[in-house]
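Asks: My questions will all concern the structure given below.
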Amino acid sequence: MKYILETKNLVKSFGGVHAVDHLSINIPEKMITGLVGPNGSGKTTLINMLSGFSPHNSGEIFFSDVERKKIMPWENQVYGITRTFQQVRLFDQMSVLDNILVILTERAPFYALFERHSGYHLKCAEDILKKIDLYEKRFHNAADLSYGQRKLLEIGRVLAMDANIILFDEPFAGLFPEVIKKIEKIVLNLKQEGKSVVLVEHNMAIIRKLCDHLIVMDAGKLLAEGHPEKVLSEKIVLEAYLGE
Amino acid sequence: MEYIFHILILLSIYGILALAQNLVMGGTGLLTIAGAAFYGIGAYVAAILATKFGWSIMAILLIAPIIAGLIAFLVGASFARFRDDYFMLATLGFLMIFNTVAKNWETFTNGSFGIAGIPKPYILGFTLDMPMTFVVLAIFILIIVVTVSYLISRSSFGRALNAIREDEDALQIFGYQTSRYKLMIFTIGAAFSALGGVLFASYITFVDPNLFTVNESILLWAMVILGGIGRNRGALIGALFLVIIPEILRFIGFPTEFAGLMRQCIYGLLLVLLMLYQPRGILGTYKL
């Protein structure tokens with residue numbers, strides 16, 4: 001198995017508390033990797049570090065065997081990484097269409113000044129919006145969308161980034177079954193396109209259905225790693241989840 | 001008639017300043033109080049270059065935005081680490097520094113006495129010494145600033161600025177080096193403000209440090225908020241209201257001993273009413 005993302009002895013502490021404690025994991029390429037663990041086990045913290053949202057204190061992070069000592073969030077585009085947020089973070093007072101377009105257009109400020117968006121960008125954005133069923137709402141402000149639609153729009157932004165590594169932070173939380181099915185389809189599609197997906201999720205049924213590889217964390221440490229069925233039947237994992 | 005042109009000139013100058021303020025504050029969400037500082041820098045550059053070095057105002061209209069932009073670039077680069085309230089305090093500090101320098105660097109600025117006798121613009125054999133002629137230049141510059149402001153807010157650049165206002169951290173994740181965007185719009189805003197400053201100095205023919213205090217910055221804030229944050233048209237409407245209202249109040253004819261005070265009261269009351277009933281401003285699309 002080839003790994004697209006590796007961490008070695010990764011540490012992140014908040015005032016003496018190790019949110020992530022000497023964590024060494026491997027994320028296989030072109031697969032869906034589940035990331036589970038009780039609340040506060042460091043899953044979101046890990047995603048924040050991998051996406052440059054907050055710096056790690058010590059340890060090493062490798063993307064495709066290249067170590068990145070300091071991860072700057074804006075370099076994500078170069079390295080082909082994107083993510084969603086557990087607490088949805090959209091550009092609220094912008095239209096749904098603009099929320100997607102801003103991900104598609106020029107990043108260098110000076111060039112951006114002389115570009116609006118090409119027909120190509122517009123078509124891409126509209127295709128994405130059709131995929132996530134928000135095309136009709138494209139001129140509405142993101143703030144006016146319902147919770148489920150907001151979650152979908154975040155996934156739309158991920159599709160717009162067209163990244164190689166996608167970190168989903170609880171994309172299914174609190175959604176209607178129909179919407180869950182739609183997002184499951186999108187995630188499976190991404191895998192088929194050869195993307196590597198990391199999926200933080202609490203629902204074991206979804207984990208069993210989607211994931212090829214599973215990582216279980218507890219209190220910032222790695223508890224178990226491997227094939228989902230095998231990992232989920234391990235005693236230590238059952239104890240962490242169900243108690244003694 | 002003179003008076004109408006006078007008002008139109010004031011409107012153009014404040015329109016320019018409000019547009020600049022809106023690009024930085026409304027469009028990008030950077031709460032800057034340095035608006036009056038760059039306005040003052042433009043005015044002082046005009047005053048010093050024209051009276052001490054004999055430059056023509058037309059040349060200064062080209063050079064002053066570059067000087068102000070350069071200062072904004074240097075200052076803004078160090079402000080890039082601040083956010084929100086801290087950015088606001090930093091820009092307030094910059095305004096204070098500008099004011100102190102203007103008051104105390106007497107060789108250049110004449111200190112509190114200010115600089116008088118700034119010449120009127122001279123172009124193609126005409127001196128624009130009447131409000132009727134000056135207004136043409138003022139409106140011409142306003143049109144340029146309006147055009148550029150619209151181009152900016154409709155470009156991909158403008159869209160990214162709005163996204164910075166909404167959620168800067170999230171935008172960075174998607175590959176934007178937001179500090180560059182903020183620095184660039186801060187610089188552009190400063191250059192525009194300086195244009196307003198040059199026009200003002202040349203029109204009034206006099207500058208002194210008290211014209212460019214925090215009061216002036218707050219007036220610009222009021223214009224942007226009143227008209228509607230994040231909208232170019234809003235900034236222009238805000239400028240229109242806040243230039244015209246004091247002039248209308250002039251005609252109500254209060255007894256002279258408290259005319260000024262009454263004007264301030266009514267002016268304040270209007271702002272409070274707007275805050276209560278139309279908190280997103282007259283055009284009312286966005287909030288900070």
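Using N, Cα and C of the backbone, Cβ positions are placed for all residues, glycine too.
Dumping what TrEMBL says about this protein:
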TRANSMEM  B:6-24  transmembrane segment
TRANSMEM  B:31-51  transmembrane segment
TRANSMEM  B:57-79  transmembrane segment
TRANSMEM  B:122-152  transmembrane segment
TRANSMEM  B:183-206  transmembrane segment
TRANSMEM  B:212-229  transmembrane segment
TRANSMEM  B:236-252  transmembrane segment
TRANSMEM  B:258-277  transmembrane segment
Asks: Looking at the transmembrane segment (B:212-229) and the transmembrane segment (B:236-252), are there 3+ C-beta pairs under 8 A, with each pair at least 6 apart in sequence?
Replies: yes
Asks: Same chain, outside the transmembrane segment (B:236-252) by at least 6, Cβ under 8 Å from its Cβ: which residues?
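Replies: Cβ under 8 Å, 6 or more out: 7, 10-11, 14-15, 17-19, 146, 219, 222-228, 259, 262-263, 266-267, 270, 281-283.
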Asks: Any chance the transmembrane segment (B:122-152) and the transmembrane segment (B:258-277) are in contact, meaning at least three CB pairs closer than 8 A with a sequence separation of 6+?
Replies: no
Asks: How about long-range neighbours of the transmembrane segment (B:31-51): same chain, 6 or more residues beyond its ends, C-beta under 8 Å?
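Replies: Result: 17, 20-21, 24-25, 57, 59-60, 63-65, 67-68, 71-72, 75, 84-85, 87-88, 91-92, 94-95, 98-99, 102, 108-109, 115, 117-119, 186, 189-191, 193-198, 200-202, 207, 209, 211-218, 220-221, 288.
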